[in-house]
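Asks: Once you've had a glance at the structure underneath, I'll fire off some questions.
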Amino acid sequence: MDVRADPTRQLVRLRGRSYVAFVFSPVVPIVEWLAEIDATLARSPGYFVGKPIVLDLSAVDLSSSAIAHLVGSLSERNIRVLGIEGVEEERLAANMPPLLTGGRACVITRSEPTKAEPEPKPKPTSLLLENPVRSGQSIVFMEGDVTVLGSVGSGAEIVAGGSIHIYGTLRGRAMAGVNGNSAARIYCQKIEAELLAIDGYYQTAEEIDVALRNRPAQAWLEGDTMKITPLN
Amino acid sequence: MAKVLVVTSGKGGVGKTTSTAALGAALAQSGQSVVVVDFDVGLRNLDLVMGAERRVVFDLINVVQGVAKLPQALIRDKRLENLWLLPASQTRDKDALTDEGVGRVIAELKSRFDWILCDSPAGIERGATLAMRYADEAVIVTNPEVSSVRDSDRIIGMLDSKTVRAERGERVEKHVLITRYDPARAARGEMLNIDDILEILATPLLGIIPESQDVLKASNVGTPVTLNNAESAPARAYIDASRRLMGEEVAMVVPAERKGFMNRLLGRRAA
């Protein structure tokens, strides 16, 4: 009697696991792009170690040998390419990483240990000076407006990220909107300024109209020109 | 309570030393015990104006460095027994003063005198900052000219930031003393007028000293102008200023143009 045992069919167990793969999208010239990779590696040598890397070649048109060379130069840098996408299959040789399709984009977020940091106080957006600003003093406030209740002496300067308001006489220099805020303005009760500047455009004392002197005035930018007009 | 007063200016040649001697003598005349300290190391002039240049043996630097004791360096005035001088040295390096040394000397002076008047060198260098460092009050001497007024503005800014009082968050009481004021030239617009100066400096006025030959005469004979001729216009202005320093209310006299009869006659004819 023949006893035959039917081979029991082993079930192939499939388990799913997903990894977030870095996608490298080389751009021409490849040499410069590699130099950028080198710069990243110089900052943190172990950054790509053990991470799946996918090469997306859709942005470049490379020949088979060029692809082989690129993969080679990446592995020289200890970067192992898991798969290649964005290229026809026939350009890939047998010893190259396989072609991948169907990748979905995702945002890489770096998980950092959450520390219970006290909420930083919001920085003040204006600076109030109750005393006159004397010759030789320099007030720099990049965060916003500066208001001076007294005068700004000749030889003093005020540098503000926002507008400048002076309720006394402006005899020194006033520079408003220094970090590119062209909407900033300068106001003063009496203008005898040595220099007015808004967002890099400036006028010196000589260029300011004599008729404006000793009067309340404001200065603002209209395109590339600085306008100074009397207030009221 | 001893008061440390610094007489300072930004620009040189405005009359700090003359004013220190005149104010010191005026305060001493009213019964206060006063020491005038010459901080202008390397140039030394206060002893000349006080007429004590031939009696200097030890000076401020010797005391600061501990070579001499304070009583050895103090020179008593020949005319006023409660007026003293602590002279400077011409031979020493101007960097020989140290912050702690000056602080020690000022503290010692404070225990002996009612008023310590420090004659500062001009400018914003270390000597000037050391002279103002321990001050409770400051007299900023200025001429009616733009350069002097602007430099005074800078000095006031330093008094508000570089003194011990300012660092402790207190105030140094400040006064402006306008010297060499010429009413005739001010009327002709050749000088800044008083209102403009005070508007720029935003500091209370201590006095206006008229331009006068008496000031030069007094300093050349080595006598503070208030002692040389107490009736002269500058002497009266300094005496008024010293009374204001002591807290008295004294009406401010703005020097006016004095026109003689002949002058007026000629003036009319010219008009």
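Keep in mind that glycine also has a Cβ here, set from the backbone N, Cα and C atoms.
Pulled these features from TrEMBL for this protein:
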BINDING   B:Lys11, B:Gly12, B:Gly13, B:Val14, B:Gly15, B:Lys16, B:Thr17, B:Thr18  ATP binding site
DOMAIN    B:5-225  domain 'CobQ/CobB/MinD/ParA nucleotide binding'
Asks: I'd like to know which of these binding-site residues, B:Lys11, B:Lys16, is least surrounded, judged by other CB atoms within 10 A.
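Replies: It is B:Lys11 that, of the binding-site residues B:Lys11, B:Lys16, has the fewest other Cβ atoms within 10 Å.
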Asks: Long-range neighbours only, meaning 6 or more apart in sequence with Cβ under 8 Å: which ones does B:Gly15 (ATP binding site) have?
Replies: B:Val141, B:Asn143, B:Thr179, B:Arg180, B:Ile209, B:Val215
Asks: Within 10 Å of the Cβ of B:Thr18 (ATP binding site), how many other Cβ atoms can be counted across all chains shown?
Replies: 26
Asks: Does DSSP put B:Val14 (ATP binding site) in a helix, in a strand, or in coil?
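Replies: In the DSSP reduction, B:Val14 (ATP binding site) maps to coil.
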Asks: What are the other residues, in sequence order, whose C-beta lies within 8 angstroms of the center of the C-beta atoms of B:Lys11, B:Gly12, B:Gly13, B:Val14, B:Gly15, B:Lys16, B:Thr17, B:Thr18 at the ATP site?
Replies: B:Ser9, B:Ser19, B:Ala122, B:Val141, B:Thr179
Asks: Mean pLDDT for the domain 'CobQ/CobB/MinD/ParA nucleotide binding' (B:5-225), rounded to an integer?
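Replies: Averaged over the domain 'CobQ/CobB/MinD/ParA nucleotide binding' (B:5-225), the predicted model reaches a pLDDT of 93.
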Asks: Around the C-beta of B:Thr17 (ATP binding site), how many further C-beta atoms are within 10 angstroms, looking at every protein chain?
Replies: 26
Asks: Tally every other Cβ atom lying within 10 Å of the Cβ atom of B:Val14 (ATP binding site).
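Replies: Counting Cβ neighbours of B:Val14 (ATP binding site) within 10 Å gives 25.
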